[in-house]
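Asks: Mind looking over this structure? Questions follow.
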Ligand code: WT7
């Protein structure tokens, strides 16, 4: 079925067959027991209604789900709530104002301790500032910031005012920021002067200046001082955070918004060059973010210290740093920097310092820790840890076992959580107090969620069989569309299995003999590099926008650390004869500039031709064979089968790695 099904997950079926049940002690104290599955099974809508009651609603809904306009869902129809009130105020009102919400750890070692009372004051001040700038419910705000508390204040202030935020990862380029501002017609950008990158300050605002020079909808740029980097200033447009926010009142009364009021847009790569603005709304989203965070991580708000290592620029940061955890009155660590600054034990030093009990990270980082060696975590006291999580790509069993043994002291449950920007919250995952976990498998849909593995025809495959992962019933935190493009929404997610009405996630999967689900990677032209989604077409467009490039084809090749690495095959224009190291470097830098450093190809190979079918479609499967040093597969559909020989021969030229 899939071209990528040789991924690491499959190997595990052969190499690791142990399962790990929770200890009796863990199971007895767990937030979620087996009854949760039974309750969801008995009455799905009643089950979700019960989960929604975890939140404070200013007016209750009249209908749990309206699916009459499918695939556009409405959840908790007629209900009203304020998302920020649910994440902040109500914890202060219930007497937890002095509880620490955020232990913030800056990359250079500076720290801030933020209680729920502090958080309420800061979010209120920020909300008052945004109001002073003239922003009104429904307006869009771009947030382009490193992992500092003001980023979280900004997101929550938007939620509080009914503004729709669009967080753009601080590692993205000016061009990526510009296109996102333009697509959403944002009125404000919130940013910083600079950000720390591996111990050194790097300017950030110049990218904003470049982006907003071409986006007339932007009225103001609000700038937090983080690195004391010298910045250019446009009077009237640019405002220092300290000048505007600090002077505001710390009192602000939240207004209740409709359950379906837009909460945020988050752009993600698809199979075309243009990123999709995934739209999430309020009541259903917060319900599922909150429910999953509470049950999957077994959060005990009075005693746990939680740490999710994602960046707020990704959906994991939205759902499992901001909305899910704060709605559950978490005490959490937020870390600004990279895992090896200033040394490779930084994460474990932080776990030890704050007594982190729940740690949620990505397989690529676990494999990096493996590479650095187990002696590093062994130097720290990690005994506070009691739940470990993984997200972003299939976790290979070797990494899973290493994680359990070296971080989890052979004791902690590991939850491998499958979900997407589009799903808004975790969909498939073990429940740590219930499930006997299997290294490499995300296992079962959570209670209330329904997922199936189906064949080409949409028929469920038997145990032991593989196919496409689909979601066959609507869920509360599902995307409500692609911003400004309903047709693309229908086309992208609902057309593949239109007859059955399934949402197709883009992933291949299989059932094992127990019916547990194993994710096998994407089946479309989307790469997964260090848990980040990058489309092959997007990188190809960036490459062909360079004057020396005539044609480009990009594939994701298996990479031992990052999951996949980006490998580009380019044909240079006739007049650009030099395909040497300088040309290759220029192209890699060009992609980094167009999209962001995360999209920089691992290798660029200059080739005379690209393999194409007779209808002109590039055969990525063959390129992947070359990129992964496999013998080349079936070439019978190639228009000109000698092309592959030429490519293989050209291989040693132009490969490049930092
Ligand atoms: C894609 C979604 C969900 C937040 C981070 C990425 C892959 C994600 C897993 C997992 C196997 C996974 C899928 C999915 N993926 N988690 N536990 N096992 N694959 O969000 O950027 O929207 O990417 O990441 O391929 O479709 P995203």
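In case you wondered, yes, glycine gets a Cβ from its N, Cα and C as well.
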Asks: Taking TrEMBL at its word that 197, 198, 199, 200, 316, 530 bind CoA, choose the one of 295, 340, 486, 513 listed for that site.
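Replies: Of the residues offered, the record points to 340.
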Asks: Can you pick which of 404, 496, 533 TrEMBL lists for the same ATP site as 392, 393, 394, 416, 417, 418, 419, 420, 421, 507, 522?
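Replies: ATP site check in TrEMBL: besides 392, 393, 394, 416, 417, 418, 419, 420, 421, 507, 522, the record includes 533 out of 404, 496, 533.
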Asks: Please go through the binding-site residues 197, 198, 530, 544 one by one and keep those whose C-beta falls under 6 A from any atom of ligand 1; give the result in sequence order.
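Replies: Going through 197, 198, 530, 544 in sequence order, none turns out to be close to ligand 1.
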Asks: In which DSSP state, out of helix, strand and coil, do we find residue 316 (CoA binding site)?
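Replies: Residue 316 (CoA binding site) sits in a helix per DSSP.
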Asks: Based on Cβ atoms within 10 Å, give me the single least packed residue among the binding-site residues 544, 549.
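Replies: Taking 544, 549 as the binding-site residues, the minimal 10 Å Cβ count falls on 544.
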Asks: For the binding-site residues listed here (199, 392, 394), which one has the lowest count of neighbouring CB atoms within 10 Å of its own CB?
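Replies: The binding-site residues 199, 392, 394 were compared, and 199 has the fewest Cβ atoms within 10 Å.
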Asks: Distance check, please: Cα of residue 394 (ATP binding site) against Cα of residue 530 (CoA binding site), rounded to an integer number of angstrom.
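Replies: Rounded to a whole number, the Cα-Cα distance is 11 Å.
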Asks: Under 8 Å Cβ-Cβ from residue 419 (ATP binding site), six or more apart in the same chain: what's there?
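Replies: In sequence order, the residues whose Cβ lies under 8 Å from that of residue 419 (ATP binding site) (at least 6 apart) are 391, 425, 426, 427, 428.
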